[in-house]
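A short worksheet on the structure shown next.
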Amino acid sequence: MRSPRRPISASSTPAAEEGLTARERRMLRNERRGVGKNWREEVEDRLLVKPKKRYASWMEELNLDKLSELGHQWWVVRVSRVTGLETANRLARALARTYPNIDFKVYVPNVHVKRKLKNGTYSDKANPLFPGCVFLWCILNKELHDFIRECNGVGGFVGSKVGNTKRQINRPKPVASSDMEAIFQQAKEEQEKADRAFEEEQQVGVSLGDGDPDISASTSSTNNKKSRRAKTQSMKSSSDGGDYGSLVLGSSVRVSSGPFTDLEGCLKELDAKTGKAKVGFMLFGKESLVDLDINQIVAEKP
């Protein structure tokens, strides 16, 4: 009589791998074989790591006192496009009088254009580079934020909407230091260009009129008319062209870089020769035109 065969069970798992999960055993086998992780394991590892939340709750994101943790930053304050310089001076005096212990700077980038009048006197006019915007350097918190918003002529800060359907606020967004350096450099170059144009105009007037103020003044006025006529023709040619790649006059565009990042506006003028464009933003319930580079704006998808 033959004895019945008994099933023989053999396990290829070594004793060192007992008690490990299937994933850990697979990793040990791959290490012995010299095989690295495949793409599925890499995706699993990334999904296991949960991103750290910046704020514990949505109410904490609405707390403007958290802005003081950023330290001294540059902020963009919305003001009237016509009386922007007066509002900036009024804001600086109010901050110095109410908060004498804080360190702040109010900066309005503009270009001083000098012109010689017919009566022989000189006029100095400040043309802002970014009409409707004032740059403020300070440590911002809720108290200072509310005080600035209550100032006469101030329309708020440039920022983004945060919160949910229950409550939303406009959280100010700081301007990057690289963008501010670019603004300082642009203001310096524009001022040097204006000073150089004024000196050349003076030299031309003296050489033609031999020091006669009437002749030099008439020459300067003629040059000004020619420059205005050329500017008008360039604006007309840019409006007649109306297409620079995907940019079309009257379409909605978004600013991709600079202090007006993520703001949406309407494209008003486009000059392909100079690479400049004028975009209209709604400030104080009115449309404000801002000169930007074509590379800084992107056409919004319909």
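From the backbone N, Cα and C atoms, a Cβ is placed for every residue, glycine too.
As annotated by TrEMBL, compositional bias 'Basic and acidic residues' applies to 189-199. The annotation domain 'NusG-like N-terminal' is assigned in TrEMBL to 71-187. For 1-24, 189-243, the entry in TrEMBL reads region 'Disordered'.
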Could you break down the residues of the domain 'NusG-like N-terminal' (71-187) into DSSP helix, strand and coil, giving a count for each? 34 helix, 45 strand, 38 coil
Could you tell me how many residues in the compositional bias 'Basic and acidic residues' (189-199) are helical, how many are strand and how many are coil under DSSP? 11 helix, 0 strand, 0 coil
